[in-house]
Amino acid sequence: LCVPTILTRMGLSEWFWYHEYWLPPGATWEDMKDSADIHYPQPQDLLLCIPGALLLIIVRCIFERTVALPLGRRLGVSDKLRPKVQPNATLEGFYVLLGRTPKEGDLISLAKQSDLPVKKVETWFRHRRAQDRPRLMKKFCEASWRFTFYFTSFFSGLALLYDKPWVWDHTMCWLRFPQQPLLPALGWFYLLELSFYCSLVATLPFDVKRKDFKEQIIHHIATITLIFVSYCANLVRFGMIVMLVHDASDYILELAKMLHYMKWKWVCEAVFIVFAVVFIISRLVLFPLITYYYFVTKFQLFPISCVINTFLMILQLLHIFWSYLIIQMIFSVILHGAKRKDARSDTEESDRSEAEDLAKNK
């Protein structure tokens, strides 16, 4: 039946949850009804991600203040002194409303309006941009929180899955699908992952904004969609394997960032190489083998599976993009001895220029 015809026969909610969209041919929601001993994934379970995300944000704030901040200070992480800008309503108005980096014509116009030399106006904007850049300690605290979560998530996932036969024999992922009972531990793990990514979306405006900000938004949206859809369609086994593959490298990257902020140069580079190897193997080899090969060749397609395939392809394109950045960084920074800099850095001026500005002000 076409969509308009179905809509005329049932309400919007019934149309959205129409079993032929979510389940393979021959299966209905009746096959996934709970009993006294067996529990199946229920879409309403995912509503717990809202208080879950709020709880994680609160835990994060407490963690950063009571654990990450003292730890950073103890390990020698400190914020550099930055030059303060003199209050100037004209320049501040332009900075807030029109742009952080005025063009040459704008600089001349602003200099006339402020009765200042063009060079001083240019310096004012440079100092003002530096003032808005996130502090090193903020970046360390953020990396510490993500390291703690990803580390806990990955090894918890390993502990949950290591003795499951369907992890090692992927054809068993689809055995008796969709009538696969949901283990409580896997349900809570799913809910935790969904809550975490929802919390990341909620805190995006306040977190360190990096060069791949748009790609991060796409990644979070794709991940949340995949978690939601796979849970509702009872593709929890498949989803757990995908999440475990993703978490394998994330905590290593956050550790490398922490070492970078601590200025442990050689240890940071060694950890980053380990991250690069794990990332490329897990995202460019294991991920497509596990998902595309088994999902497409071993499983009958239906509407929701096509949606899942689409978002998996989006994730894979992001993996290729980030792998390119990682390989580029290894060649330019480590092998060729170029200036070390995070490929996803949020900085725009060098530390040297800040130091020179401070020296001039003293």
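Every residue gets a Cβ built from N, Cα and C, even glycine.
When TrEMBL is compared with the stretches 3-22, 143-162, the one noted as transmembrane segment is 143-162. Taken together, the residues of the DNA-binding region (93-136) have an average pLDDT of 79.
Distant neighbours of the transmembrane segment (143-162): 60, 63-64, 67-68, 71-72, 185-186, 189, 192-193, 196, 240-241, 243-244, 247-248, 250-251, 254-255, 257-258, 261; these residues of the same chain sit at least 6 beyond its ends, with a Cβ under 8 Å from one of its Cβ atoms.
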